[in-house]
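Peer 1: Here's a structure for you.
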Amino acid sequence: MVGTMWKVIVSLVLLMPGSCDGLFRSLYRSVSMPPKGDSGQPLFLTPYIEAGKIQKGRELSLVSPFLGLNMRSYAGFLTVNKTYNSNLFFWFFPAQIQPEDAPVVLWLQGGPGFSSMFGLFVEHGPYVVTSNMTLRDRDFPWTTTLSMLYIDNPVGTGFSFTDDTHGYAVNEDDVAQDLYSALIQFFQIFPEYKNNDFYVTGESYAGKYVPAIAHLIHSLNPVREVKINLKGIAIGDGYSDPESIIGGYAEFLYQIGLLDEKQKKYFQKQCHECIEHIRKQNWFQAFEILDKLLDGDLTSDPSYFQNVTGCSNYCNFLRCTEPEDQLYYAKFLSLPEVRQAIHVGNRTFNDGTTVEKYLREDTVQSVKPWLTEIMNNYKVLIYNGQLDIIVAAALTEHSLMGMDWKGSQEYKKAEKKVWKIFKSDSEVAGYVRQVGDFHQVIIRGGGHILPYIQPLRAFDMINRFIYGKGWDPYVG
């Protein structure tokens with residue numbers, strides 16, 4: 001069945017036409033207050049599950065056609081903590097090709113506090129929002145071949161919300177527990193997908209979320225009656241191991257010409273102090289140093305990086321500012337007809353600031369042990385855009401070289417492979433290092449928001465990885 005499906009995928013590809021405001025700031029986070037007009041009522045699906053009215057809840061979650069959207073999808077809220085009334089918002093798109101067999105892929109945005117609606121509308125969902133608030137079809141949507149589940153995570157992100165401050169996550173264990181509750185409910189509403197292969201994916205700060213939820217699934221599957229069919233994970237430009245990344249910032253920024261010798265020395269000194277605090281588990285102090293030096297998330301003044309480079313964008317070192325069209329989606333989500341269709345009503349679209357404040361101490365902590373566990377047991381894809389600054393390819397590779405997993409020695413000796421999509425291509429798509437089920441990919445011409453800049457390369461990469469078709473070019 002998979003072989004047949006892959007032939008369809010390749011045929012489809014052959015027929016197709018050929019802010020970053022920072023890791024933690026406002027590129028993904030445009031606050032959308034409740035709009036004027038009839039936005040309908042929020043749909044909470046947990047009561048339907050508990051009452052045994054699953055089919056009714058499923059029918060209500062169907063997204064009605066609006067503004068040109070005609071692809072079947074489902075959306076609503078899943079309650080993950082009744083005590084605090086904590087709810088996660090999801091939007092699910094069954095694959096356009098053979099959804100009954102296609103893998104289910106969970107997408108988590110970074111931040112912390114960035115909505116996965118950014119991934120949906122800016123990166124790889126079926127539609128792109130235009131400047132006049134209409135939709136156009138995306139050329140290479142991941143929803144063609146994969147059933148994509150977008151969740152606003154953690155609680156307090158995007159449309160997800162809680163009624164109590166105790167409902168906010170303060171560490172990755174909290175994040176994983178809420179996600180796990182949502183996933184179990186999701187597969188109750190859509191039981192026909194529970195045996196499909198399941199992958200957890202995400203980018204940036206989701207380099208923590210992805211290993212966290214994968215670790216919890218791995219731990220609970222042997223002892224729970226309801227099991228999630230986890231097959232692997234994919235992390236793009238992931239902030240999984242802050243210490244190894246922070247230590248390389250100064251030299252990297254110097255080598256790409258954004259810092260001079262004097263600035264590099266100051267940057268290195270600050271990074272060294274940050275790492276010292278990390279090693280002493282002074283998490284808050286480490287966060288403050290990094291925030292003032294580079295991120296500028298919770299400070300009132302521009303960061304040192306912004307002052308000396310004059311640039312706010314460190315998702316792509318060829319651009320100084322963020323593309324305007326990456327912000328259209330937030331305005332689109334404020335339209336009453338959109339809110340009514342996706343069943344969020346007048347709920348505020350949160351900017352993520354509160355989420356980040358509660359996760360400040362988590363920011364500089366590593367999830368390397370969990371990532372190692374997943375690398376030892378599942379398929380793993382770690383990818384980077386060539387032009388990224390905040391989680392540069394070289395910094396990710398440095399982190400990987402320091403990991404101790406079953407393939408670590410072989411990985412250190414492995415040769416990098418040139419990856420082209422088609423044999424006739426004059427351009428190289430990227431570079432791959434593969435050891436067993438572990439794949440490290442660097443995408444040429446890509447930035448932190450990879451599918452936005454390189455949609456075809458991102459589409460080809462994720463399908464090669466999930467469907468296990470290797471990295472040899474297609475004939476065509």
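Quick reminder: no glycine exception, Cβ is built from N, Cα and C everywhere.
According to Swiss-Prot, the active site annotation covers Ser204, Asp388, His448. Under the heading N-linked glycosylation site, Swiss-Prot lists Asn81, Asn132, Asn307, Asn346, citing sequence analysis as support. Sequence annotations record features per position, and here Swiss-Prot assigns signal peptide to 1-22 based on sequence analysis.
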Peer 1: Taking just the CA atoms, what is the gap between Asn81 (N-linked glycosylation site) and Asp388 (active site) in Å?
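Peer 2: So the Cα of Asp388 (active site) lies 37 Å away from that of Asn81 (N-linked glycosylation site).
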Peer 1: Roughly how many Å separate the Cα of Asp388 (active site) from that of Asn346 (N-linked glycosylation site), to the nearest whole number?
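Peer 2: Cα-Cα distance, Asp388 (active site) to Asn346 (N-linked glycosylation site): 36 Å.
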Peer 1: Spatially, which candidate from the recorded positions Asn132, Ser204, Asn346, His448 is nearest to Asn307 (N-linked glycosylation site), comparing Cα atoms?
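Peer 2: Spatially nearest to Asn307 (N-linked glycosylation site) by Cα position is His448.
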Peer 1: Among the recorded positions listed here (Asn132, Ser204, Asn346), which has the Cα closest to the Cα of His448 (active site)?
Peer 2: Ser204
Peer 1: Within 10 Å of each Cβ, count the other Cβ atoms and name the one among the recorded positions Ser204, Asn346 with the highest count.
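Peer 2: Per the Cβ count, the most surrounded site is Ser204.
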Peer 1: Go through Asn81, Asn132, Asn307, the listed glycosylation sites, and name the one with the sparsest Cβ surroundings, counting other Cβ atoms within 10 Å.
Peer 2: Asn132
Peer 1: Using C-alpha atoms only, work out the spacing between Ser204 (active site) and Asn346 (N-linked glycosylation site) and round it to an integer in Å.
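Peer 2: With distance taken Cα to Cα, Asn346 (N-linked glycosylation site) is 29 Å from Ser204 (active site).
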Peer 1: How big is the gap, in Å, between the Cα of Asn132 (N-linked glycosylation site) and that of Asn346 (N-linked glycosylation site), rounded to a whole number?
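Peer 2: Between the alpha carbons of Asn132 (N-linked glycosylation site) and Asn346 (N-linked glycosylation site) there are 22 Å.
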Peer 1: Helix, strand or coil for Asn307 (N-linked glycosylation site)? Use DSSP.
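Peer 2: Once the DSSP labels are grouped into three classes, Asn307 (N-linked glycosylation site) ends up as helix.
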Peer 1: Let me check the 10 A CB neighbour count of His448 (active site). How many other CB atoms are there?
Peer 2: 29
Peer 1: DSSP three-state call for His448 (active site): helix, strand or coil?
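Peer 2: It is coil.
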